[in-house]
Each structure stands twice: as C-alpha cells, then as structure tokens.
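The structure appears below as structure tokens.
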Amino acid sequence: MTVVIGFEGSANKIGVGIVRDGEVLSNPRRTYVTPPGQGFLPSETARHHRAVILTVLQEALDEAAITPADIDCVAYTKGPGMGAPLVTVALVARTVAQLWGKPLLGVNHCIGHIEMGRLITHASDPTVLYVSGGNTQVIAYSERRYRIFGETIDIAVGNCLDRFARVLKISNDPSPGYNIEQMAKKGTQYIELPYAVKGMDVSFSGILSYVEEAAHKMLDSGNCTAEDLCFSLQETLFSMLVEITERAMAHCGSQEVLIVGGVGCNLRLQEMMDAMCKERGAKLFATDERFCIDNGAMIAQAGWEMFRSGHVTKMPDSWITQRYRTDEVEVTWRD
C-alpha cells in the first residue's frame, strides 16, 4: 500500500492530509479569517500558516494513527496561489521530506481538486467546472492533459463573491461565499446585472464594478435588500458558469459534470447545474465543504496518483510557481 501526506496552503487555508490507496486517513485544516470588509494579505496569511502548520501536521499524523516511517511520499502544493503562503508550505514539506528521508512531489493545486473530486464521487470522465477564490476554469481530460476549454478572462468567481462581501461588510467567518449563499436564500427580488459570457470564457470584473458602484445607492433608496443583491449576484454568476459548462459538454460529448473548488460546495450552484444536466440526460457529481474547500488530502491524492506513475520532484526543482496552469502537467496516471 502507498501512503502519501499532502501539504496545502495556497491561499487562506492551511491543511495537511494523508491518503492510503484511495482512503483518506486524515484531513485537518485551519482557516485564516479576517475582519468583515477586509481581504487576506499574502504576508499575514503566511504568518498564520507558519504559526499553525506544525500543529496541523501533528493532528494529521495522530488522526491517521501512523508515523513518519509509514509514509512513502511527501506532496505539497507547488502552485498556483499566493507566493508567501506557498513558500511557507513548500519549506515545511521540503524539511520533513529530508528529515524523514522521503521523496518529495510538487502538485498542481487545480489537479489536486480534480483528483480529489474523482476519488470521492467516482466520476469516470467528467467535464470539470473548477471554481474557487483564485480560479475559474472548465476542464476536460484529453490525451494526457487536463485541457482548459474555458476560463475567466479577469478575476475568479470566488474573488468576485469575496469582494462583493466586502462592499456589504458581510462576515468572512466561516467564509464570505457561504454567508452570501445563506443571505441569497432570503432574497425575493431579482435585480438584472451585467451578464458577460464571451464564447467559452467569462468575465466577472464588470459585474463587480457595477455592483460596487450601485449597491449602496440601491440599498439606500429602498429598492432592494442586501439579500436581494446576494440572490441576484449568485443567479447571474452561476448562470454564466452553467452556460459555458454545457457548451463544453456538448463539444466533448460528455455525460458527466464534476464541480470542484471552494465555490463548488454552494448548493445553489449545484442545483442549477443539476437542472442543466437532467435536461441533457447527464449526471452531476459534487462534494461538500470537506473536499471542495482547499485541503491537504486533495494534494495527497494527486500526489498518490503521480507518485505511483513515476513522478518525483528533485530537491533543486522544489520551488513554487504562482502561475501554474492546469494544462502544463502531463497526466501520466490516466489511460
């Protein structure tokens, strides 16, 4: 049996997960939460990660009931992500790999999400919608690569939601996206917002700019509530994502959709995607916050797949890459 430990810390989540042949043995994590109206800066996020990463590592080992001697490979998030947090995690992963005498493996964060989704849901060959705070992509596997069929041309959908939350001073605990989702359930009025689909790509910066400028005017005038704005923003953003996902499915002849990434645990997005899938006779695969939100087990699972197919990262090559494209990685563990 192959046991891989994975370190994730590309944004405001720090996680350490351990996977053994498709079984998640442990997956503890911590979240850096900032006050309402504020985002998280790379330096402060890295400081948070440094303060708790060894505690989370010990929790992962204890929960899995294994010792370093039982581990076959140490995987870490190479990118994409925020520079300072990525470096923090990479340094710890490099250190423990050398202390324990284990091979090291740099993992693409996006592929970690995909492989975790495939493991948990048992989707065989899905069209993947990857939606998070830093990424928005429609992906499908073809000829040893995860090909990007469409993506955001500016900001990610999660970043759009986070920045909208700052405008309305919505709490960041447990996450701005989650709190927007709860408020949206109470919205009763749809306010028309800019809808920007450009072929297979989407654009969210114009919607955000519009809402940033108009939100307080609309609220002050009494024409709508904050809940209405949350509802309207979700409906608009998610409709765009469903549209480009369906177009990719048609192109690929796919009958499966897998939603991954932090925004992927939004139940309204899952509901809208499921309605589209049923109309096409297709099937939706999605998970909850345990595996959608950044976690160490997803890095361990991708590392497990890569390690078993012969991948290893040499120590001089174990740097981080803030801009690390999903389609740069040769997928040698499929087909």
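Cβ coordinates are placed from backbone N, Cα and C, and glycine is handled just like the others.
Quick caveat, the model's predicted, so the values are computed rather than measured.
What TrEMBL records for 29-300 is domain 'Gcp-like'.
According to TrEMBL, the feature divalent metal cation binding site maps to His109, His113, Tyr130, Asp294.
Within 10 Å of the Cβ of Asn266 (substrate binding site) there are 26 other Cβ atoms, across all protein chains. Annotation source TrEMBL lists substrate binding site at Tyr130, Val131, Ser132, Gly133, Gly134, Asp162, Gly177, Glu181, Asn266.
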Of the binding-site residues listed (His109, His113), the greatest number of other CB atoms within 10 A surrounds the CB of His113
Over the span of the domain 'Gcp-like' (29-300), how high is the average pLDDT in this prediction? 97
Of the binding-site residues listed as Ser132, Gly134, Gly177, Asn266, the one whose CA lies nearest the CA of Asp294 (divalent metal cation binding site): Ser132
For His113 (divalent metal cation binding site) and Asn266 (substrate binding site), determine the Cα separation and express it in whole Å. 16
Cα distance, Asn266 (substrate binding site) to His109 (divalent metal cation binding site), nearest Å? 20
Of these binding-site residues, Ser132, Gly134, which scores lowest on Cβ atoms within 10 Å? Gly134
